[in-house]
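Feature annotations, reproduced from Swiss-Prot:
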type: DOMAIN; residues: 5-183; note: domain 'Guanylate kinase-like'
type: BINDING; residues: G12, P13, S14, G15, V16, G17, K18, G19; note: ATP binding site
Amino acid sequence: MKNLKKLIIITGPSGVGKGTVIKELLDRNKDIWLSISATTRNPRVGEKDDLNYYFIGEERFKDMIDKKEFLEWAQFAGNYYGTPLSTVNEKIEKGFIVLLEIEVEGAKQIKEKFPESLSIFLLPPSKEELEKRIRNRGTEKEEAIDRRLSRANYEIASSNQFDFVLTNHDVDETVKEVLKIIKS
C-alpha cells in the first residue's frame with residue numbers, strides 16, 4: 001500500500017462520539033473518504049449496498065480472506081466484517097485521505113501491520129458522561145449497557161497505544177483538532 005500517511009484510524013469506546021466527529025470531518029473536508037466495510041450480515045432497514053457496507057456472501061468473504069484482500073477483518077456475532085484493501089488503495093492513489101472508523105482491537109491490528117498510518121483515540125470527557133451518552137441512545141438493555149461500559153474501561157486503558165489521544169468534550173473542537181493532526 002502506498003502513502004500510508006493518508007490512512008487515518010479513528011477509534012475509541014462505544015458512545016464516545018466517533019460517528020458524530022467523522023460526519024463533521026466529512027462535511028468539512030472533501031479530501032477525506034470514509035472507508036466502507038464489507039460484511040456477511042444482512043442489511044438493516046435503510047442500509048444500502050456500496051454506501052453503508054458492501055454486503056457479500058460468506059463464501060466470497062472467506063475467499064477474500066484467503067487471498068489477503070482485507071486490510072483487517074474479524075468475526076462478530078456470527079458475521080464477518082472487514083476492510084477491503086483494494087478500495088482503500090484506490091482512494092489513496094486518487095489523493096484522498098482514507099478514514100477508518102474502527103473498534104479498538106481492529107485499530108490495533110492495523111497500526112501493527114501499518115505503523116506509518118496515523119491513529120487517533122477519542123476519549124470521553126468522563127466515564128459518567130460516556131455512560132450518559134450510551135443510556136441516552138435508548139437502544140440497549142441494562143445488560144448490554146453494562147457490557148459496553150466494561151469494554152470501554154478496557155479500551156480506555158489501551159489508549160496510550162495510539163499516536164494521538166483526544167478528549168471529545170465538544171464535537172466542533174474535536175473536529176478542529178483532528179483536522180490539525182491530519183494536515184500536519
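Backbone N, Cα and C atoms are what each Cβ position is placed from, and that goes for glycine too.
Within 10 Å of the C-beta of V16 (ATP binding site) there are 27 other C-beta atoms, taking all protein chains into account. By the criterion of other Cβ atoms within 10 Å of the residue's own Cβ, the least surrounded of the binding-site residues G12, G15, G19 is G19. When the neighbouring Cβ atoms lying within 10 Å are counted for each of the binding-site residues (P13, G17), the highest count belongs to P13. Residues G12, P13, S14, G15, V16, G17, K18, G19 make up the record's ATP site, and a Cβ search at 8 Å around their centroid adds L122, P124, L130, R133, N168 from the same chain. When pLDDT values are averaged over the domain 'Guanylate kinase-like' (5-183), the model yields 92.
The DSSP secondary structure for G15 (ATP binding site) is coil.
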